[in-house]
Amino acid sequence: MGTNQTQISDEYVTGNSSGVGGGISDVYGEDSATLDQLVTPWVTSVASGYTLMRDPRYNKGLAFTDKERDAHYITGLLPPVVLSQDVQERKVMHNLRQYTVPLQRYMALMDLQERNERLFYKLLIDNVEELLPVVYTPTVGEACQKYGSIYRRPQGLYISLKEKGKILEVLKNWPQRGIQVIVVTDGERILGLGDLGCQGMGIPVGKLSLYTALGGIRPSACLPITIDVGTNNEKLLNNEFYIGLKQKRANGEEYAEFLQEFMCAVKQNYGEKVLVQFEDFANHHAFELLSKYCSSHLVFNDDIQGTASVVLAGLIAAQKVLGKSLADHTFLFLGAGEAGTGIAELIALKISKETGKPIDETRKKIWLVDSKGLIVSERKESLQHFKQPWAHDHKPVKELLAAVNAIKPTVLIGTSGVGKTFTKEVVEAMATLNEKPLILALSNPTSQAECTAEEAYTWTKGRAIFASGSPFDPVQYDGKKFTPGQANNCYIFPGLGLGLIMSGAIRVRDDMLLAASEALASQVTEENFANGLIYPPFANIRKISANIAASVGAKTYELGLASNLPRPKDLVKMAESCMYSPVYRNFR
């Protein structure tokens with residue numbers, strides 16, 4: 001071969017077939033190798049040093065040693081200094097903190113991910129509390145709105161109506177074969193921002209970066225997908241920079257057939273055990289897809305099930321503060337879409353299992369308000385099917401404040417996607433009814449939150465137990481510091497995904513979501529409670545995810561839905577051993 005190239009041999013494949021690092025075959029020996037063992041960084045059958053530096057999986061930037069530079073023909077292509085990964089991390093964080101605009105930070109991080117994958121994930125893991133609002137909510141919402149303008153390089157797989165009849169061929173274009181997790185969106189309901197069409201790709205990309213950083217699933221096992229069936233957003237259709245199909249959304253039979261082809265192709269290409277997470281689909285499609293495919297595929301809807309699980313975890317944890325069981329509470333929701341009804345159903349299921357009462361009876365303690373007012377029996381015939389179980393006997397009530405005074409809830413939960421709907425009068429009414437009102441303003445992004453942390457603490461005179469969907473800064477009130485909790489799905493889905501992969505699950509069941517909720521609630525300490533928190537700090541997220549994965553895995557084995565046999569003796573250790581490490585490897 002030429003002097004500037006390296007010949008690859010078939011002997012490079014190492015590691016056992018079961019694999020670690022997120023449950024896929026360890027093709028490059030990167031995770032089965034200890035940190036001081038050498039791995040071979042070949043990208044293609046013949047790779048030059050120049051190519052090596054431009055592959056984000058293997059690029060180490062200025063961390064290539066002199067020996068590695070000589071061996072892989074990099075000498076002279078980099079400045080002479082050799083920097084450790086820790087120094088590189090400090091440098092990048094210093095540069096990120098110079099940006100005052102969150103979107104600029106987001107773009108800088110995405111650029112890093114496309115240049116140096118391991119440094120990106122090390123940065124995210126070590127600085128999760130600071131960077132989580134950048135790579136995900138709330139900043140990712142703005143990134144999706146402006147995705148056409150900031151688009152640089154393709155991330156993920158785009159499957160549009162133009163590919164109808166050949167989706168399997170498109171899936172085979174993706175270079176990685178051992179896919180374990182797919183996050184897919186059709187962009188119709190991105191956060192609280194509505195129909196962003198093809199520009200919703202930022203959501204699957206962001207979610208999967210968190211599957212890796214927080215749950216330890218290997219980046220090469222993750223596949224972000226956007227299904228482009230058009231958009232009804234006129235601004236995007238008239239925007240010359242829009243990157244998707246410029247046509248109205250397909251619906252009805254055309255939509256159903258396209259999704260059917262997609263789901264069949266996924267199963268055919270990646271097998272029975274690939275986890276498909278539906279993300280930010282509109283209500284009418286989200287419930288239908290989950291119901292249709294839950295018995296034939298390993299599917300999960302984060303908006304319905306992930307949100308439900310994380311909220312239930314907060315409610316379980318809050319029992320220690322309030323001294324009440326879930327069955328003692330009365331719940332009132334503002335918002336009766338995917339999130340609201342999903343949370344309500346999981347709460348009802350948990351109470352049913354605790355009390356032995358039928359779920360139809362436990363639902364009666366849970367009330368929902370939609371855009372037309374309180375959901376009551378006389379509205380049942382006109383309600384969408386997923387709202388009908390929540391239509392209880394009561395006279396019609398139009399306004400939220402009137403509903404609070406009529407129902408007298410102990411817990412107020414906002415999933416409306418409409419900001420400032422928990423008004424001063426509503427929050428003060430909750431404080432009048434309860435010594436410690438539990439208020440969850442869950443809508444994302446921050447601008448769509450039903451109320452702010454400061455408003456909740458001020459209007460209840462510091463008595464509220466508060467959590468939100470997007471982050472809020474600590475609040476000083478009456479000489480005391482209150483730290484608002486964040487009911488972020490990121491607590492649940494990375495550990496849940498790892499648990500499903502680790503056990504070789506073939507289906508997702510509600511009992512697994514309950515197990516995840518209980519595992520998360522168990523991680524809240526007395527110190528957290530003293531600071532007003534009902535969720536643990538994100539700084540411990542990998543430990544939290546390992547515990548959730550172990551609980552989900554245990555439940556999967558218990559239900560007979562696990563295929564990785566025999567069951568490991570210590571599931572927590574198994575989860576920790578499966579986690580991807582972003583530390584640089586030494587190359588031969």
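Each residue, glycine too, has its Cβ placed from N, Cα and C.
Tyr136 (active site, proton donor) carries neither a helix nor a strand DSSP state and counts as coil. The annotation active site, proton donor is assigned in Swiss-Prot to Tyr136.
The feature active site, proton acceptor is assigned by Swiss-Prot to Lys207, with similarity to another entry given as support. Long-range C-beta contacts of Lys207 (active site, proton acceptor), restricted to its own chain and to partners at least six residues apart, with a cutoff below 8 Å, comprise Tyr136, Val183, Pro224, Gln277, Glu279, Asp302, Phe493.
Cβ neighbours within 10 Å of Ala339 (NADP(+) binding site), excluding its own Cβ and spanning all shown chains: 29. The NADP(+) binding site annotation in Swiss-Prot covers Arg189, Asp303, 332-348, Asn444.
Feature annotation from Swiss-Prot assigns divalent metal cation binding site to Glu279, Asp280, Asp303. According to DSSP, Glu279 (divalent metal cation binding site) is assigned to coil rather than to any helix or strand.
If you look up Swiss-Prot, you'll see Gly2 marked as N-acetylglycine.
Annotation source Swiss-Prot lists site 'Important for activity' at Asp303, citing similarity to another entry. Asp303 (divalent metal cation binding site) falls within a helix when secondary structure is assigned with DSSP.
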Densest Cβ neighbourhood among Glu279, Asp280, Asp303, Glu345 (binding-site residues), 10 Å radius: Glu279
Cβ neighbour count (within 10 Å, all chains shown) around Arg189 (NADP(+) binding site): 24
For Ala336 (NADP(+) binding site), nearby residues of its own chain (Cβ under 8 Å, 6 or more apart in sequence): Leu368, Val369, Asp370, Ile375, Lys387, Trp390
Set of same-chain residues at least 6 away whose C-beta sits under 8 angstroms from Phe333 (NADP(+) binding site): Gly340, Ile343, Ala344, Ile366, Trp367, Leu368, Val369, Ile413, Gly414, Thr415
Residues satisfying Cβ distance under 8 Å from Ala348 (NADP(+) binding site), sequence separation of at least 6: Ile359, Thr362, Arg363, Ile366
Additional residues around divalent metal cation, ordered along the sequence, whose Cβ is within 8 Å of the centroid of Glu279, Asp280, Asp303: Thr185, Arg189, Ile190, Ile203, Phe278, Phe281, Ala286, Asn301, Asp302, Glu338
C-beta crowding around Tyr136 (active site, proton donor), within 10 angstroms: 25
Set of same-chain residues at least 6 away whose C-beta sits under 8 angstroms from Gly342 (NADP(+) binding site): Asn301, Asp303, Ile304, Gln305, Thr307, Ala308
